[in-house]
Amino acid sequence: MKYIYIKTWGCQMNEYDSSMITVFLEKTGRYLITKEVEKADILILNTCSIREKAQEKVFHQLGRWKKLKNKKPDVIIAVGGCVATQEGKEIFKRANYVDIVFGTQTLHKLAQMIDKVEKNRRFMIDISFPQLEKFNYSLEPKKTGYTASISIMEGCNKYCSFCVVPYTRGHEISRPSDDILLEISILAENGVREINLLGQNVNAYRGRTFNGKICFFSELLRLVSEIDGIDRIRFTTSNPLEFTDDIIEVYQDTPKLVSFLHLPVQSGSNRILQLMKRSYTTEEYEKIIEKLILARSNIQISSDFIVGFPSESEEDFQKTINFIKKINFDMSFSFIYSSRPGTPASEMKDNIDLQEKKKRLYTLQNCINKQTMSWSRKMLKSTQSVLVEGVSKKNIMELYGKTENNRIVTFKGSHKMIGKFIKLKIKKVHTHSLQGELI
C-alpha cells in the first residue's frame, strides 16, 4: 500500500476535482490518502492559474517538495489543475524533478500514469480535453461533511479578455442531468443536507436527459429540490449574460434555493466592461437584480471585482464604487488585475501604478466591508435557520454552522445537533460572522 498526499489550491471546482482524485485512487486498492507530507510516496499538487501570484506559488511549493524527493528519490511528484493545463511541458523545464503533469480533464487517468512512471521512471504528461470522460468514470461520491459541492458542468465559452478559464478548462460541457441527480441522491442518503452546484458558468448548464432531451439549469434546480434529504441548494459561479428569467422564476417557487447569490459583475464602468468583453452593461446587470428582488425580496448579492484593469481611470473606478453602493452588495471577492499570458488583456498597456491599484483595492474593500457589516447588523435579534456543521475551531466549547446567507454562526449546543438544522437567535454580530443562542 502506498500513501498519497494531495495539496489543493484555487476554486471550489479544484476542491471537487481533488475529491474525485481521492476516490479514483483509493478505489484501485493500492493507495491510501495521508495528511502527512513526509509519509507520502506520491505528492499531488492541484493548481490554480487565475492570477500570477497563484501560478508562482506553484513553483515555490514544488521547490519545497524537491527537498523531500532528494531524501526519498522514489517519491513521485504530480502536478494537475489549471497551471498544469496552461504550462504543460514548461513545468518540466522549470522543475525537472516533476514526474507527472495532468490536466483538468484527465485526472481519471492519474492511476495509469503513476503506474507507467513507476515502471519506466520517465515523466508523463496528458493535458488533453477528452470532454466529459472523467465523469464517465465517476464512482460513488465520498461524504466529507453535511454540505457537499458537485460539478455539473465545466469550461466557459465567453472568452472574457482577462480570463484563462477557456484555455485551462476548455469549452462549456454539461454533465447528463441523471448522473448529477444520482450523485446528489447518494450524498443525501449519506447525510448531506446542503448541496452546492459548481461550474465556471453554472447557469449556462445544458445537460442531456436519459431520453436525449435538454435539461436547462432552471429545470435542474427544481429536480434537485425534489431529492429527499437535500434542504438547501446553492450554486456558483454564474454569469449575468445568461441569468435568464426562467432561472429567476425558480426563486419564486423553490424555497430550498437559498436567498444568497454570487453574481460577478467585475466593474461598475461600462467602458471597462466592454474592454473586459463581458457583453453586458451595468444597466442590464441592475435589471437582473431588480427582477431577483421581486422574486425573492430578502435576497442578498455578492460579486467579484477587478481593480486596476488596463486604462481604468479614476472616473471608471468611482463608477464602480457608486455601483457597489447602488446595488448594496453584501460581500465580494476583489482583486488587483493580474495579466495572464495568452489573454487579449495581456496585450493591453498596463498604465496604472501598483500603489494606485493597491489604493483602489483598499477603497473598494472598505466600501464592501461597511455594507457587509450593515447587512450583518440587520440580523441582530433575528431568528436564523442554521445547518450545524461541527465544533468551532476557535472554541471547542462551541458549535458552528451557516445561515442561508452564508454567515458563520457560533453557539453553545449539544454535539447531537451536528448535521441538523436548528433555530438560533442572533445575539452578536461581526462583519463576516455571528454569535447566536438556542431558542
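Each residue, glycine too, has its Cβ placed from N, Cα and C.
Marked as domain 'MTTase N-terminal' by Swiss-Prot on the basis of sequence analysis: 2-119. The [4Fe-4S] cluster 1 binding site feature in Swiss-Prot is assigned to C11, C48, C82; the stated evidence is sequence analysis. Summarising the annotation, Swiss-Prot assigns domain 'Radical SAM core' to 142-374 and lists sequence analysis as the type of evidence. Sequence annotations record features per position, and here Swiss-Prot assigns [4Fe-4S] cluster 2 binding site to C156, C160, C163 based on sequence analysis. What Swiss-Prot lists as domain 'TRAM' is 377-439, and the listing cites sequence analysis.
Positions of Swiss-Prot features highlighted on the structure.
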residue: C11; record: [4Fe-4S] cluster 1 binding site; DSSP class: coil
residue: C48; record: [4Fe-4S] cluster 1 binding site; DSSP class: coil
residue: C82; record: [4Fe-4S] cluster 1 binding site; DSSP class: helix
residue: C156; record: [4Fe-4S] cluster 2 binding site; DSSP class: coil
residue: C163; record: [4Fe-4S] cluster 2 binding site; DSSP class: coil
| Relative to the Cβ position of C160 ([4Fe-4S] cluster 2 binding site), how many further Cβ atoms are located within 10 Å? | 21
| field | Among C11, C48, C82, C156 [binding-site residues], residue with fewest other Cβ within 10 Å | value | C11
| message | Sequence gap of 6 or more, Cβ distance under 8 Å: name the residues on the same chain that satisfy this around C163 ([4Fe-4S] cluster 2 binding site), in order along the sequence. | response | I50, C156, R340, T343
| C-alpha of C160 ([4Fe-4S] cluster 2 binding site) to C-alpha of C82 ([4Fe-4S] cluster 1 binding site): distance in Å? | 17
| field | Cβ-based neighbourhood (8 Å from the centroid) of the [4Fe-4S] cluster 2 site, residues C156, C160, C163 excluded | value | K158, Y159, F162, V164, V165, P166, Q200
| request: Check the domain 'MTTase N-terminal' (2-119) for me and report the mean pLDDT. | output: 90
| What are the DSSP helix/strand/coil residue counts across the domain 'TRAM' (377-439)? | 5 helix, 32 strand, 26 coil
